[in-house]
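Here's the structure we're looking at; comments come further down.
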Amino acid sequence: MQYLNIKEDCNAMAFCAKMRSSKKTEVNLEAPEPGVEVIFYLSDREPLRLGSGEYTAEELCIRAAQACRISPLCHNLFALYDENTKLWYAPNRTITVDDKMSLRLHYRMRFYFTNWHGTNDNEQSVWRHSPKKQKNGYEKKKIPDATPLLDASSLEYLFAQGQYDLVKCLAPIRDPKTEQDGHDIENECLGMAVLAISHYAMMKKMQLPELPKDISYKRYIPETLNKSIRQRNLLTRMRINNVFKDFLKEFNNKTICDSSVSTHDLKVKYLATLETLTKHYGAEIFETSMLLISSENEMNWFHSNDGGNVLYYEVMVTGNLGIQWRHKPNVVSVEKEKNKLKRKKLENKHKKDEEKNKIREEWNNFSYFPEITHIVIKESVVSINKQDNKKMELKLSSHEEALSFVSLVDGYFRLTADAHHYLCTDVAPPLIVHNIQNGCHGPICTEYAINKLRQEGSEEGMYVLRWSCTDFDNILMTVTCFEKSEQVQGAQKQFKNFQIEVQKGRYSLHGSDRSFPSLGDLMSHLKKQILRTDNISFMLKRCCQPKPREISNLLVATKKAQEWQPVYPMSQLSFDRILKKDLVQGEHLGRGTRTHIYSGTLMDYKDDEGTSEEKKIKVILKVLDPSHRDISLAFFEAASMMRQVSHKHIVYLYGVCVRDVENIMVEEFVEGGPLDLFMHRKSDVLTTPWKFKVAKQLASALSYLEDKDLVHGNVCTKNLLLAREGIDSECGPFIKLSDPGIPITVLSRQECIERIPWIAPECVEDSKNLSVAADKWSFGTTLWEICYNGEIPLKDKTLIEKERFYESRCRPVTPSCKELADLMTRCMNYDPNQRPFFRAIMRDINKLEEQNPDIVSEKKPATEVDPTHFEKRFLKRIRDLGEGHFGKVELCRYDPEGDNTGEQVAVKSLKPESGGNHIADLKKEIEILRNLYHENIVKYKGICTEDGGNGIKLIMEFLPSGSLKEYLPKNKNKINLKQQLKYAVQICKGMDYLGSRQYVHRDLAARNVLVESEHQVKIGDFGLTKAIETDKEYYTVKDDRDSPVFWYAPECLMQSKFYIASDVWSFGVTLHELLTYCDSDSSPMALFLKMIGPTHGQMTVTRLVNTLKEGKRLPCPPNCPDEVYQLMRKCWEFQPSNRTSFQNLIEGFEALLK
């Protein structure tokens, strides 16, 4: 983009603002007619007149934009202004129109950025982000390929508005510093008239002599200057008039005709000049007599009296510099004096007055928009909260002025920081609220939509919703789809756009006759359909929603905005190294996940003026357990993350020390210790405001991390440390978020399950899903803890029940306060993309705090939803899976929704003729299973009761491949020795876990090992499993109703005693089955019967025992390596104490697999 650089005798040209043309462009300021009118500054636009009804200011702005051809992209630069009250309307303000009301509003560009045109070399240019510029960052030079801020229609409107503002003195001329400066300003104003008249002539395609006689410079200069000229003598007025005509003619001949200057160039030049000619052009200044700048530890009030006179302060908001404040300066006038001596004295006096007021007149920076987290309005008092917990409070003249002020800051925030967020609910634009609820973007361009799809994986059916850049009544849906081509092997990825039409509040897909009352309803309908276009068919899957501070063409790139762009985490580890000689280890404080916690002292040596001073700093030492040195890298990654942050509510990391085999994280010592313990101790004295302060401080820290795109990964009350109790003081509590410890990416699945419900559900499925969204889930759970005084949610649940809790998409029971419950529910959404941004969380917590809900009396959480209880009416039988003497197992679908989408489960129940003993056995089996959690043990899902609780069914996961006994013969060609040994390792791991919990299985056989996949097996059927008493090494069976004797160890057959070593014997038999592919001719029963001969009843057991005493064992299976058979034989030692262990077997098999 190129702009004109005009050099003229009139030294008045160089900046930006707003203009008018001809008599027709003058806005009628007579008393308004009844009704509501929206006035435009364009000469060819009739005012927008509204009929009876209810409208929002945003609605009217859209209508006005359509009337003036302003694009949806530039529409958010405009707002409605009431010249009578001198107030702007917030976008959500409701206007009720009836016959009695009379209101005139002006449609104006409100949000302005100086040097948007790039013609001022002394100031950084301003542009819209474009896909090309996104990677390059901010450049000091002009960017020829950057996207301009304004479109043609917006520029035209701004030009007309600028003329009006200059003439009507809405944009006041800057104050002259000297008399000569006053003359220069007058010349600049005449130069503006030259530009305006030249533009008018070019638009009308007229030569200067052809212009109407009433087109005079007087109509294009400020009314105050025009009045001043009229008061001068006739000769002076004639001289000004002749000089202006000569200059206009010369400008036309030398510049307009010779340089091929366009009307666009003249508009840009006029507006650029307006920026330097006027005072604070594009800025809004608010006056207050009460101003407070504060942080959590200090306050600075500015509302004192000066000798009985109230001191006023000014707060200025500009697009380029953000929010600034100062004392309101005294007005210093320049008096005209012909006498040179007296004039010099006056100028000296003026300089002295200027120096006196210099300090008062200087603007102090408070904040640029991306720093702001939320804004609160209470009547006429506005509180602006920053990320560093500093706050500005100012009292304005009315609630309406407060809304006007906040809507200004909120609008600039969306233009510079985050296009899809609002800072204050009181001024929330309805369209932004709609977009957030529906995951819809503003009018981002196609390139950004496609880039977003690519960044999120470009899976088929993934889509982006976005408003059209050109039409207010259309939403575009950009979808990833794949076109299969006969010419090209495989499918070609394509991005297709679909148009959604919005008419009279209803939504429909272009080309479809069916419409819906909301965008959400339409999308729900479309997701069930197969969409077709250009020989491509697909189904919609996942919507890519707006993300916090996402870069797009909706954002304006100013110098300050670029400074606040997220700095993404360093790819390399970075932290300060601490020497071991500088650390003194203190007492042991406890254990973390794979770490030991100690108090300690850090010796800090400072060289002050040649003298070395030793300072002792109290610290916490987190020592990685030397047995887990394999995860040292993950430990250092956590330290590196903490090294990148600096926030008052996050614990400070001094550095890392490597001491011999120990890796140590050295952190700030926080006096009050973990928050959960403190809340338990002080639960009786904790108040609602106290809890809200804790929640806000945590949200502030997490919002800071979100802005830096950093993930904590372990947010909970035990990781919140209390630096100040704040129960008896006005300051309140002060908390610090500690380090996350070992990242979940290196934790076992069991360790992840233990962290339910703090860990996000998607991270349980795959720890690689860890993202900022996971911290939002954790925040919701931590908010629950804070509400209930540090109570532990799901504390009585077993691991299997916790896992089921997530599988059933449950949440902890929320408090009775509806708004607080809603916030927790939104944070704990099972769709990570639906969780709110932390800025929105902070805003909502502050809004909720105003209501002061009672969250203290909720002493104990209500009963949790039990996801392990299955209702009988939703169990739909599919087929039988197996049957025994007393029970059976069925395949069922648990389908509470009634749409055949429920999960398939295995249901074990007793036959009707079974007696009370069998019911007790099934209950014992259920109790055992619900306490077991291992990847190689079949999962317990719950129970189903019937007959008033007398009947019971056991619900387990269904593994469709069946048992090894069924699976191996059918898949013999796919299963080699290596895979057989892997199965053996998995069975041993499951049995080793079972033994560690003091259980004996008593029925380990191939028929009871189930196949989850080609690569994983699980131990099932715990009907005979028994618990060994703590003071014994074995379990004695009272009966042998259905004992699998050919898998039993000798002590089981002779004495009915079952040791863990007895399961080892059974494993050896199972391994034999595994290596013979469960061939019926080679089954343990078939082979043992060949050894002992025909027999039946108790004689079978007697002969089997004698055979085993003789040292006879099952033979080596065909093609079984001797090393494997030797491991098998170690399982069959006659004495239990001589047998190998499951741990030794695991090591032996793994050595063979290497």
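A Cβ is built for glycine as well, from the same backbone N, Cα and C atoms used for every other residue.
Positions annotated as N-acetylmethionine by Swiss-Prot, on the basis of a large-scale study or a structure entry: Met1. Positions annotated as phosphotyrosine by Swiss-Prot: Tyr3, Tyr1034, Tyr1035. Taken from Swiss-Prot, the feature phosphoserine applies to Ser228, supported by a large-scale study or a structure entry. The domain 'SH2' annotation in Swiss-Prot covers 439-544. As annotated by Swiss-Prot, domain 'Protein kinase 1' applies to 583-855. Taken from Swiss-Prot, the feature ATP binding site applies to Leu881, Gly882, Glu883, Gly884, His885, Phe886, Gly887, Lys888, Val889, Lys908.
Features as recorded by Swiss-Prot, highlighted on the structure.
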residue : record           : Cβ within 10 Å
Ser228  : phosphoserine    : 12
Leu881  : ATP binding site : 18
Glu883  : ATP binding site : 11
Gly887  : ATP binding site : 19
Val889  : ATP binding site : 19
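Over the domain 'Protein kinase 1' (583-855), the average per-residue pLDDT in this prediction is 90.
In this structure, the CA atom of Val889 (ATP binding site) is 101 Å away from the CA atom of Ser228 (phosphoserine). For the domain 'SH2' (439-544), the number of residues in each DSSP class (helix H, G, I; strand E, B; coil) is 18 helix, 43 strand, 45 coil.
Each residue contributes its Cα atom, and for Leu881 (ATP binding site) and the residue listed as 'phosphoserine' those atoms are 102 Å apart. For Gly887 (ATP binding site) paired with the residue listed as 'phosphoserine', the C-alpha to C-alpha distance reads 107 Å. Rounded to a whole number, the C-alpha distance linking Ser228 (phosphoserine) with Glu883 (ATP binding site) is 107 angstrom.
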